[in-house]
Amino acid sequence: MKLVLVSGRSGSGKSVLLRMLEDLGYYCVDNLPLPMMGTLLKELSGNTNLVAISVDIRNLPEKESELIKHLTNLPDGVELLSFFLNSSDEVLLKRYNETRRLHPLSHDNVSLKEAIEIEGRSLEPLANIVDHYIDTSTLNIYDLNDQVREILLGNLDKELMINFESFGFKHGMPTEADFMFDVRFLPNPHWEPDLRPMTGLDKPVQDFLNERPRVNQFIKQIEDLLETWLPDLERNNRSYLTIAIGCTGGQHRSVYITERLAAHFKDGKHKIQVRHRELKNADH
């Protein structure tokens, strides 16, 4: 079992990191008292191999020796990896003032500034023994995600599932699309009597559209757009991306262009799915 312990100063990004770990398949528990950690791991044994626990100042033992004892006396087969997130006092003060949240150590006799300073001093023993110390003062959530993914997975490559979907506007627009392209302005094979009963999967229709320079130009521009922004979409921690291509009836132009785009991106590192909404038994 792999156990990730998330600790750090309040406001430094522990909750954000825990959500990232959940997206990576970890069973996550927020603010678990350390004395209960062994019991939890035994209960989860056999059910999951990935567990993440966050702790804060309110559920840590006061003595450093007790802290080390809890982190070393783990059940057999548990591999511990620990993170400590920190930010400067100034950044934490700004974050709390912006969110108007209550600091866990704030009360009538302690100001926010004092609570931040007290917590920082109290957590120093833990900060000194963790595997990975990350200062989030200048990081956004995507930078933090990249650092953690690199530590856990060894690289920043994330497999993105791209769904290419053709549809007909007269049957309604798909609601799940991230990008939608309207291709109704392109030459329509529907007006060719021989091509009308066919679809964009048939070679005569493909030849008809491939011979039109504007069709190929438009496809190339969509490819360039997606190739430019896919890295940023991946950094946004996406798992799925849906590209919808629509023509009037969803039979010819949208089907052909969807197939062309899917074939182009199949050569990359992404998983590709194709759906032709208005055609039966044509998905792949």
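Positions of Cβ are set from backbone N, Cα and C atoms, glycine also.
Keep in mind that this is a model prediction, so the values were computed, not measured.
According to Swiss-Prot, the feature ATP binding site maps to GLY8, ARG9, SER10, GLY11, SER12, GLY13, LYS14, SER15, an assignment based on sequence analysis. The feature GTP binding site is assigned by Swiss-Prot to ASP56, ILE57, ARG58, ASN59, with sequence analysis given as support.
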Distance [Cα-Cα, Å, rounded] between SER12 (ATP binding site) and ASP56 (GTP binding site): 11
Assigned conformation of ASP56 (GTP binding site) - DSSP reduced to three states: coil
C-beta crowding around SER15 (ATP binding site), within 10 angstroms: 14
Candidates GLY8, SER12, GLY13, ASP56: member of the binding-site residues with the richest Cβ shell (10 Å): GLY8
DSSP state at SER15 (ATP binding site), helix/strand/coil: helix
Top Cα neighbour of GLY11 (ATP binding site) in the set of binding-site residues ASP56, ARG58, ASN59: ASP56
Largest tally of Cβ atoms lying within 10 Å of a Cβ, found at which of the binding-site residues SER10, ASN59: SER10
Rounded to the nearest Å - Cα separation of ILE57 (GTP binding site) and SER10 (ATP binding site): 8
Fewest-neighbour residue among binding-site residues, criterion Cβ within 10 Å, set ARG9, LYS14, ARG58: ARG58
Proximal residue to SER10 (ATP binding site) among binding-site residues ASP56, ARG58, ASN59 (C-alpha distance): ASP56
Distance from GLY8 (ATP binding site) back to ASP56 (GTP binding site), taken between C-alpha atoms, in Å: 7
The one of GLY11, ILE57 whose CB sees the fewest other CB atoms within 10 Å, among these binding-site residues: ILE57
